Amino acid sequence: MLAAMGLELVFSLLLLWTQGTQGSTLDPAGQHVCKGSSPSELQCCPGWRQKDQECTIPICEGPDACRKEEVCVKPGLCRCKPGFFGAQCSSRCPGQYWGHDCRETCPCHPRGQCEPATGDCQCQPNYWGRLCEFPCTCGPHGQCDPKTGLCHCDPGWWSPTCRRPCQCNPASRCDQATGTCVCPPGWWGRRCSFSCNCHTSPCMQDSGRCVCLPGWWGPECSRKCQCVRGQCSVTSGHCSCPPGFHGIRCELPCNPGHYGAQCKESCGHCELNATCSPVTGNCESCKPGWNGTQCKQPCPAGTFGERCTGQCPRCRLGEPCQAETGHCQHCDPGWLGHRCENPCPLGTFGKGCSSTCPACAQGTCDAVTGECVCSAGYWGTSCNSSCPAGFHGNNCSMPCQCPEGLCHPVSGTCQLGRHGKNALIVGILVPLLLLLMGIVCCAYCCSGTRLDPKDRPERNGAAFFRMKQQVWGALTNLGSALPCGSLSNYKLPWVTVSHHDPEVPFNHSFIEPPSAGWASDDSFSSDPDSGEEDEAHAYFVPPREEMVPMAQEESPEASLPGGSFPPPEDASTPFPIPRTSSLARAKRPSVSFAEGTKFAPQNGRSSGDLSSPIRKPKRLSRGAQPRPEGQEAEESTGPEQVNTEEDAPTATSSGDPATSHGQLPPGSQMVAECAETTDGGIQESSGSVATIYMLAGTPQKPEGPVWSVFRRLGNYQKDQMDPKVKSAIPKPLRRSLGRNQASAGSAPGAVLSQAMESTAVRPEETPRGLGDGIESSGTVQEPDAGGSSLEQDSQKQAEEKEQEEPLYENVVPMSVPPQH
């Protein structure tokens, strides 16, 4: 039961395996092969099972299953096994039938029978052939082959038909084809009638000579060999030793270095003199330069070393190197060393480097030919010539790859030709010229109108000094247009300039130098080139546009074109401070200077209410030290006379006096014109004092780049600038300070208007000047009344020049703006 279940399981597994593999191995032209669901898929037709590439196994399953005695011949059809028939399939087929249920007829009958399953014929004796159709010809002493018909004779008979008897010893047999006797061992002769006498060794059948067995020798094989190894000669008994042994009896092994029969062969080049195999002669490893199993083959040409893995160097004419070491026997010219790897030393060349090189100026000689190989940039036999134009490199052998054909003789980099150099020069000069033109234009734009040659000081270096004044004045005018405030971070000490005049009021101004690059801490600098420190101190006061002088509004000269006074931008013209003697003679207001001090109104009064209207002017030195009393007495001419016949212009204060003395913001460079005057008009009985506050001193920070450029520009133009008279802008008449006291008392606007009417010069055409780094407020110059003042000016100009008397120029009366 278990066996049946096991067989059924195996059969099912086999069925599944065949079904799984049938789709991939079937032949489309095989038996019972059908197409599947797709054209490319093949499968067995229903009722058939795959076998190899066809479907030749029928399937009988279920109700159509066959019994044990039956086989399935077609799907669902069972028959008896071949050779049987009947209801139980137990009866054998008759001789003339074969196959399933004995349905096939046997063609061999009656001379043979068919095989039940295949139908092959089995012939009866004396018949042969495929269907047993041929009778045998062997007679009674032989049998024929059923396939071929050849006769097999019985012993003692021979011939093709087995009809001839043999003529041999009965114990022997004869050849069936020839009838020759074949003797058994120990017998010899034509009929095998003689016995051999060879001591158990066979003898030759035709001659009876003994053929000795191994270990025996002699004519009758009666002598035993004495060899330990190998075989002895059957005739002489000498031992034939096997490879690796030698001696009479082959009892000795081969000596080291030898191998083979009788140890007659020598070993090859085994490594470290190792012995080779005494039998074969093979080496475990070979010496360098040898190859092969027996190390008897040298390395192929071009190789050397162990196992011939090294490559030979380049020897002379390509000859092979030594197979063991790789050394060259000879080297090519220009090389040295065992492997010809070292070039000739400097100064030698040729075969074996035995020749001396010629002199090469810029290069080395060729190690082979001895010719000079020039360095880059040189050529010639001795390398003493530079490369011609258009070539570079070693021996000047490479042409230049440049548009103009010129290149560096060593590196080959392109160099500029005539056109390239011109383009480079133009490219450099054009920006420089543009920059220079910009600087010149900037300088002329900032310098304003040049001074008339007669207005320049006559001391040495005055042109350069006045040029610097123009530059600083232009910058200061730019700063004056800005509102009160700080433009930088310079901190300067306070300097107070007080003016005492009962007739002319002054505004109070906080003044700052236009440049931070003062050379010293002096309050007022002199011309650095003049050498005179105490004369002609120039000051500069930038005006404010909103400050309109009262005299200009009230005077009749205000109706003139442009007004009777210069415009605010012309009020910045520098003027020299007059000497005390000149002030006394001209009845000018006395001016006193105190450096480093600060005057403030006391007891609630403004600076215009100071005590005495009559003060002696003091001359200010560089160190702000007073002059000796004797000198002051000499220069002083007495008390000033105050003109009370005309009313002085009313001056109003634009701010609180207390605020006028407030500290400026730190580092201020702006002119902070915060005017400070008295609240009421100036009284005739008491003298009015106007105080001007100025910032002076050495800055705490270095000058900026803009100021440095302008300062250097002034130094450059010091010797370049020639005095030229500008005819386009006429200068107003210079008004010298009168020395007679009779000239005092006229109104400031009257004389000035007369002078302008006589010269027909507009006040706004008056040129502006610059101070030498210090700004000051202009004091009002009161011209003398009457027409004689103009004549006196022309007569006294020469006298004032000789005395180098400082003059006032383009003085604008400063008044407070009108009250709103």
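We number each residue from 1, going along the chain as drawn.
For all residues, glycine too, the Cβ spot is worked out from N, Cα and C.
So that you can see what the record holds, here are the features copied from Swiss-Prot:
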- 631-648: compositional bias 'Acidic residues' (COMPBIAS)
- Cys60-Cys72: disulfide bond (DISULFID)
- Cys66-Cys78: disulfide bond (DISULFID)
- Cys80-Cys89: disulfide bond (DISULFID)
- Cys102-Cys114: disulfide bond (DISULFID)
- Cys108-Cys121: disulfide bond (DISULFID)
- Cys123-Cys132: disulfide bond (DISULFID)
- Cys166-Cys174: disulfide bond (DISULFID)
- Cys168-Cys181: disulfide bond (DISULFID)
- Cys183-Cys192: disulfide bond (DISULFID)
- Cys221-Cys232: disulfide bond (DISULFID)
- Cys225-Cys239: disulfide bond (DISULFID)
- Cys241-Cys250: disulfide bond (DISULFID)
- 56-90: domain 'EGF-like 1' (DOMAIN)
- 98-133: domain 'EGF-like 2' (DOMAIN)
- 163-193: domain 'EGF-like 3' (DOMAIN)
- Asn291: N-linked glycosylation site (CARBOHYD)
- 549-685: region 'Disordered' (REGION)
- 715-820: region 'Disordered' (REGION)
- 444-820: topological domain 'Cytoplasmic' (TOPO_DOM)
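Taking a C-beta cut-off of under 8 angstroms and a sequence separation of 6 or more, Cys60 (disulfide bond) has the following same-chain neighbours: Cys66, Cys72, Pro75, Gly76, Leu77, Cys78. Relative to Cys114 (disulfide bond), the disulfide-bonded residues with Cα atoms inside 10 Å are Cys108, the candidates having been Cys108, Cys168, Cys225, Cys239, Cys241. Among the disulfide-bonded residues Cys89, Cys174, Cys183, Cys221, Cys239, the ones whose Cα sits within 10 Å of the Cα of Cys250 (disulfide bond) are Cys239.
A coil conformation is recorded for Cys108 (disulfide bond) in the three-state DSSP classification, outside any helix or strand. Mean model confidence for the domain 'EGF-like 1' (56-90) is a pLDDT of 86.
A sphere of 10 angstroms centred on the C-beta of Asn291 (N-linked glycosylation site) encloses 19 other C-beta atoms. In the three-state DSSP reading, Cys192 (disulfide bond) counts as coil.
The Cα of Cys80 (disulfide bond) lies closest to that of Cys166, out of the disulfide-bonded residues Cys166, Cys168, Cys183, Cys241. Under the DSSP three-state reduction, Cys225 (disulfide bond) is assigned to coil, being neither helix nor strand. Figure note: comparing Cβ neighbours within 10 Å for the disulfide-bonded residues Cys72, Cys221, Cys241, the maximum is reached by Cys241. Look at Cys114 (disulfide bond): DSSP puts it in a strand. Here Cys89 (disulfide bond) is compared against the recorded positions Cys102, Cys166, Cys221, Asn291, and the shortest C-alpha distance is to Cys102. In the shown protein chains, 23 other C-beta atoms lie within 10 A of the C-beta of Cys168 (disulfide bond).
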